[in-house]
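Database features (Swiss-Prot):
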ACT_SITE  His709  active site, proton donor
BINDING   Arg23, Glu24, Leu25, Lys26, Lys123, Arg530, Cys531, Trp576, Glu620  5-methyltetrahydropteroyltri-L-glutamate binding site
BINDING   Ile446, Gly447, Ser448, Glu499, Asp614  L-homocysteine binding site
BINDING   Ile446, Gly447, Ser448, Glu499, Asp614  L-methionine binding site
BINDING   His656, Cys658, Glu680, Cys741  Zn(2+) binding site
Amino acid sequence: MTTESKTKTVTHILGYPRVGAQRELKFAQEKYWRGEIEQKELLAVGSELRQRHWKDQSASGLDFVTAGDFAWYDHVLTTSLLLGHVPARHNNGFPDLDTLFKVGRGQSQNSCGCGEAASDMTKWFNTNYHYIVPEFSKNDKFNVSWSQLFDEIAEAQKQGHNVKPVLLGPLSYLWLGKEVNDEEVEQGFDRLSLLPRLLTAYQAIFSKLSALGVEWVQIDEPILALELPKAWADSFKLAYQVIQSDVKLLLTTYFDGVEHHLDKITKLAVNGLHIDVSAAPDQLDAIVSALPKEWVLSVGAVNGRNVWRADLERLHERLQPVKEALGDKLWIASSCSLLHSPVDLEQETELSKETLQWFAFAKQKLREVTLLADALDGNQNAILACHQYSQPLRERESAEHINKPAVQQRLAAITPALAERAEAYSVRAQHQAEKLGLPLLPTTTIGSFPQTSDIRQQRSAYRTGKLNEQDYVTAMKGHIADAVERQERLDLDVLVHGEAERNDMVEYFAENLNGFQATRFGWVQSYGSRCVKPAIVVADIEREAPITVSWTQYAQSLTTKQMKGMLTGPVTILGWTFPREDITRKEIAQQLALVLRDEVSDLQQAGINIIQIDEPAIREGLPIKKSDQKAYLDWAVEAFKISAASAKSETQIHTHMCYSEFNEIIESVAALDADVITIETSRSNMELLKAFEDFNYPNEIGPGVYDIHSPNIPSQEWIVDLIETAAARVPVERLWVNPDCGLKTRNWKETEAALENMVKAAKALRKKWQSNAA
């Protein structure tokens, strides 16, 4: 029997969702960007959300509330402004909130649409969250210029909270950025050389934190979970010697284990270490054994990246020996920031009682942390509560409707041949050229068109029963017809139906497949004001009937041009949903691949000659340790190929990827064997094409020629320059012209203006190059 401990287990979280339970921040941001509210109104929304979230943390019994996790766009961009590190094109003196939005979006409030280019955006490790990439040059200086962190600490202290600020560490900040001057790089510049200057700014930050009476700072160094180059790993010791102060540092890691750097970590001038035992449970024992006696160990036991209820009973059993070994040096926390979780499960009033008992959102995870800590402290009521809390998970393990025999039989029948097209690309390309009759530099879009308020209202009315199915179908067909008419007027070569019926490229499929659970308010931030609502994989996945065929077939009936069928690929559906935790990700991907394979067959049979299987998330699913990546890529590629391999040779399979760095996965991208790949490249000025050029990528490619994430409208000349840059790296006969990504978040006015310039640019170069060839 566990006796009550005399040492209290300290509790905290690494961060909290900032968007609000009703996406209040998103709507306020967008109103501000449209010029509908003043900045003071936006600031008031942020303050109200922070105070609510701190109150939730305090009410749950956490020993610290976390400050500094709030961001107006993303926390890396916030760090850039804190450090006074703003690209020169956006730097008009002292940085302010409009500066931040200009770096992230290219402009702040509505303007002429001719702002400076936004900074690059990429995925945050292997999550679906994004950050704005810091830009580094050899003469960069850093100085504390942006008071948000200090203001928010004071704000929380004023509310009476015990505050633990969070700050992105100096090595991770440098690692997450990029050198932007090719000439400097050629001369030997490496952003790591900026570390001494950067550390001076961090010293100033800690001086200010000390003056605010801060005892502990959570300093995030997630790159310690990576297999770092020696120069980077060796830099930690000096960096933390330089920035040590009278403020205690909790060195914070997440998303994977750090035992491979343990010998270096234990020599750092810090006061504690946070590890993610949800992502990497096997590291725990080695770290407990090696932990310096004076350090605290914060164990990230409650998964911040998924929605499943924590198995508190098993966690208590696993961590009890750790508590006995460490006593009051043990802290309990979320594995990572809870910004990757939806806000509050209590809003999900439409879920069944059984289903509700499987899940915990961010607000519920606060109580999981404190309940587990109480149990570890020997509180008998808490120990009993942990047992009872885990019971629904035990009952689910044996539920017959979770593991389905028919699905298991199809999985067992998978062979290597199931993943192969009938003929090689070189042969397929000839069949497709004859069948499709497309011009040089064919123009197309990535799939979605603007989701107008009418579309959203009609979908909502249908979902709530206010609009019957017949009227809903009529309304959606009207939007499809409008999209087709606009594309024909623009003279695009390959059309799409616009996806008016789809709320989200993943959620739509999840709602039409068995084995998923959708939510009403399960929103999580993706970037800036963009939020996504991932479905939850709860059981084996099956398709009862075709999902996309009727809409695509209707769109094709309206035009003599080729209409693309639009599917979301198995790896992306997996990556952008909350997966089951009782089977492997590979098995979920295979289940998805089989149902998408059936959809490809049905589209083909319905007369659709081009089918796009989007895989924008294939790179973000990579394990963050390189040594683990091959196994993932093997099954990810296999899943895509199973999806596509039912296509005949004359059926052209497209795929789309965005925000990806292709160098390290180019072999796997080629192994997908898609006939055409479209990629996001405009922000990076076609830099990403170098990987395809160096690899001699054999199939067709459509590098994005304008950035759909920015409201700026690209000129025809700008697009011509990008196409010419692309043509220097990809044979023009294999080149497509398209935007970077889908257009659902844009409005029709800017969409048509941009596409008009894109088509004109393609036609001008088509005429020029065909004349030269003649």
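If you go along the chain as it appears here, the first residue is 1 and each next one adds 1.
The backbone N, Cα and C atoms fix where each Cβ goes, glycine too.
Positions of the features from Swiss-Prot, shown on the structure.
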{"residue": "Ile446", "record": "L-homocysteine binding site", "Cβ contacts under 8 Å, 6 or more apart": "Val496, Gln612, Asp614, His656, Thr678, Gly704, Asn738, Pro739, Asp740, Cys741, Gly742, Leu743"}
{"residue": "Gly447", "record": "L-homocysteine binding site", "Cβ contacts under 8 Å, 6 or more apart": "Val496, Glu499, Met505, Lys564, Met566, Gln612, Asp614, His656, Gly742"}
{"residue": "Ser448", "record": "L-homocysteine binding site", "Cβ contacts under 8 Å, 6 or more apart": "Val496, Gly498, Glu499, Arg502, Met505, Gly742, Leu743, Lys744"}
{"residue": "Cys531", "record": "5-methyltetrahydropteroyltri-L-glutamate binding site", "Cβ contacts under 8 Å, 6 or more apart": "Val19, Arg23, Lys26, Trp523, Val524, Gln525"}
{"residue": "Cys658", "record": "Zn(2+) binding site", "Cβ contacts under 8 Å, 6 or more apart": "Pro616, Ile679, Glu680, Gly704, Asp740, Cys741"}
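A separation of roughly 19 Å, to the nearest angstrom, links the Cα atoms of Glu620 (5-methyltetrahydropteroyltri-L-glutamate binding site) and His709 (active site, proton donor).
Neighbour counts of Cβ atoms within 10 Å were taken for the binding-site residues Leu25, Cys741; the minimum is at Leu25. Calculated from their C-alpha atoms, the gap between the residue listed as 'active site, proton donor' and Leu25 (5-methyltetrahydropteroyltri-L-glutamate binding site) amounts to 18 Å. The 10 Å shell around the Cβ of Glu620 (5-methyltetrahydropteroyltri-L-glutamate binding site) contains 23 further Cβ atoms across the protein chains shown.
Binding residues for 5-methyltetrahydropteroyltri-L-glutamate (Arg23, Glu24, Leu25, Lys26, Lys123, Arg530, Cys531, Trp576, Glu620) extend across at most 28 Å, taking the greatest CA-CA distance. Look at the Cβ of each of the recorded positions Lys123, His656, His709 and count the other Cβ atoms within 10 Å; the largest number goes with His656. Residues Ile446, Gly447, Ser448, Glu499, Asp614, recorded as contacting L-methionine, have a largest CA-CA distance of 13 Å. Under the DSSP three-state reduction, Leu25 (5-methyltetrahydropteroyltri-L-glutamate binding site) is assigned to helix. Each of Thr445, Val496, Met505, Met566, Gln612, His656, Gly742, Lys744 belongs to the same chain as Ile446, Gly447, Ser448, Glu499, Asp614, is absent from that list, and has a C-beta within 8 angstroms of the C-beta centroid marking the L-homocysteine site.
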